[in-house]
Amino acid sequence: FTVSLHKVDNTTVVIKLRPGLSPSCQILMKSGVWSELKIKPGENVTFFFTCSTPEKYYVMEIQKNIDCVSGPCPFGDVHLYPPGLPRLNRTYIWDVKASTKAGLELKFSTSWLRQIEPGETCPDSISYNINSCIDKATVNIGTFCRNGSVSRVKLLGGVVMSLHLPWHSPLNTSGFNIANRASIKRLCIIESVLKGESSITLMSPNYPLGFPEDELMTWQFVIPPNMRASVFFHNYSLSNCERKEERVEYYIPGSPSNPEVFKLSDRQPANIAGSFNMSLQGCDQDAQNPGILRLLFQVVVQHPQVDENVTHLVDLSKEKNMTVTIHLEEWPSHIPLMSEPICLICKDPRTCDRVLTLTSGAVYRISFLCKDFSRLRITAEKGIGCMDIRWCHGKIYSLSVPKAITQLPIRLHKFIWKLLATDLINVEITSPSLKLQQQVAQQRCNTSYSYSIVSATPETELNVGLFCPGGSIEKIQMRNNITISLKTYGKRFINESIPQDLKMSFVPHIKDECTFTVSPNPRAKVYLQTPNGRSGLPPYVSVSWFIVVPSKQTARLGFSEDRMGIACETGRAYINIKEETPAAEEIVRREDELLPRPRNMHHSFWVNISNCKPVDKTQLTLQFWVTFADKQIDLGIILAVVAGAGVLTVIGLTVFCVKKKKKKTQNPMVGVYNDNVNTQMPGRKGLFGKGRRNNESHVYAVIDDAVVYGHLLKESNGSVAPEVDVYRPFDGPIGSLPPSPPPFSFRKDIKRSSDTEEEPPPLTDTDQDTYTFAHQKSEQSEDNGDANKKDKGDTSVPLLENKEQDSLVE
């Protein structure tokens, strides 16, 4: 290679090794072998490289000094000089000296420039760096790539302009020229020309190290007359001012108050029609703690929207503790700075942004600068708290989306309710009409929205599950703070959400971490699963389900697995199953036992699952199912009842025969009331809708001229007066239907209220029979009272006071 530099060009070329590389490739000249070569103005040098790929080892700097102070300034295009240089990564540096009274203007070719952040690279690896030199101070105006909107840069004082080209770049022009000199009385002016819909990002000088103290700079934005521009500040910081105040000033055509002054923390102007200027003003900083003034902002240009004058009323005046955020679909995870123009939401014609947050207690009129609303979403959050149960108990809160949100032409993405309570106050969620369905693998939600419920206690966070409307869960009770998130899946939500009926109230403390009340459809198969999904139930957490079984139905309960699948390090894991009926058997299984096989449950029942601390990371995850079937009448019971009817017929004939031998009497009749009996004939269950306690179907009319017939059977001639006795209810096992009447069996001795036994006086023909018989039903055992006394000496009659019993016996 031969490099010839003219002395008048004032250009120096330096070829040197890349930092950190050993000189395995060298420069060969007549004078010897070198690892660095410096060619000064006026020199003519010929050299070789000792390797075939010198671009891997060497870089080159070409610096040209231009004096615009003592001599004429070379206006016009700046060329890449000298020609014939080796193909190495090279940096051209133009150091232009100029007076602060006459600034310089750099004008770029039609490709223009795009400012990038420090550390960012250009796609073609070609970059420009502009520095302003005032006296001995240097300010970095910025780093730029090709193909942008920056058309001109005016600077106060001298300029150091750098162009970095990769070794393979075909670029043979600098891409800029020195246009003229002009006094600008500020650090710099950057002109940006935006054509059509576009978005640009710009930074203050020295970003991110800090804008110079008490300096002023301006950006000039050239906007087509039929377009609208909006300014958004994305990153800024303020210095510590001793005098004056940092601010942004706008000169907007047609504004009645030019310049319009804004703080950096204010929402900046939007929907600006036509070209405008924006200036950044610094302040006198504290010498001990100056701080940093810096700014990164975006300008978005787009067409005026057809519906920009259409306003939408959002009335949040009656809401409390609620925020509504309108945003892009990707928010908050990703909002690109250099994207194409997007939807803007405006609180007024000049206050617009890509994200707009509205708070409760006010009325808003918003508009949209947007061609397509499909990418816009709404996220809302509402807080409901209770610190004292005396003020909250009995209040029912509706967890439904307000109409102010659903009437907007934007899809609701998520509505979050945060329910806050103290340790001794719990939350009860109900869905009376729609009910909730828990989403599990066998039972997927196909609705347009669902609820995610999370319970957070000081000890643990419990993901209760994902639920959708149209299931079997009527009520969920949980401890402490609850977060309920309604999420939508498509446009159907607006129509399907109209009958929302999710309610919430605060209730006193509950024992379990979570309690479900489930009232399934009699024809449905319901799957229920422990909270926390595949992560498993946390250690030492207990969850309960109360399954409501209709009176004419029988439930069948089964578990999806044979075992719990865990081993306990501390404590025990249990499953408890118990029907809600007196003397019901409680089914208990530990973690080391087989789970119960599918079984029939004739009454409403409880399922409780309590976890231990497992020995490994595997947690307790259980799923069970419930189905229903109509109750069937046992043929054996029907035959027993028919046999019992036959026995009653024999008793009736016996009484009829005995009555013929008795004398007629005028004494009043005596009846004994016994509510602890069941006179319902076998047959269809639930014939009496009111229940036995609420009707008198089990009370027999007194028997005319009745006698206690049991002892009459012992006398062939009926001459011996029988003893008074009362028939005791059935004391055998309880079944699903009334048992058959027992055989005849009557006691001779009666124990009265006193501790002594007395022989009852003989009956006369004026005495009245006391006769009732009982068929006890298991379904009504709780209502019928304690009929099955274990003490056979007790002959007291239920529902009668002691005085009434004595009077009847006497």
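Each residue, glycine too, has its Cβ placed from N, Cα and C.
Applying DSSP to the domain 'CDCP1 first CUB' (1-68) sorts its residues as follows: 6 helix, 35 strand, 27 coil. Per TrEMBL, the feature domain 'CDCP1 first CUB' maps to 1-68.
Per TrEMBL, domain 'CDCP1 second and fifth CUB' is recorded for 77-180 (among others). Per-residue pLDDT, averaged over the domain 'CDCP1 second and fifth CUB' (77-180), rounds to 92.
Taken from TrEMBL, the feature domain 'CDCP1 third and sixth CUB' covers 186-289 (among others).
The domain 'CDCP1 fourth CUB' feature in TrEMBL is assigned to 313-401. Shown for the domain 'CDCP1 fourth CUB' (313-401): DSSP residue counts in helix, strand and coil, namely 7 helix, 42 strand, 40 coil.
Under the heading domain 'CDCP1 second and fifth CUB', TrEMBL lists 408-496 (among others).
The helix, strand and coil residue counts that DSSP assigns across the domain 'CDCP1 third and sixth CUB' (512-625) are 3 helix, 52 strand, 59 coil. If you look up TrEMBL, you'll see 512-625 (among others) marked as domain 'CDCP1 third and sixth CUB'.
Feature annotation from TrEMBL assigns transmembrane segment to 635-658.
Under the heading region 'Disordered', TrEMBL lists 732-810.
Residues or ranges marked as compositional bias 'Basic and acidic residues' in TrEMBL: 746-755 (among others).
Look at TrEMBL and you will find 776-794 (among others) tagged as compositional bias 'Basic and acidic residues'.
What TrEMBL records for 801-810 (among others) is compositional bias 'Basic and acidic residues'.
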Taking the domain 'CDCP1 second and fifth CUB' (77-180) as reference, which of 1-68, 313-401, 512-625 has the most Cβ pairs under 8 angstroms?
1-68
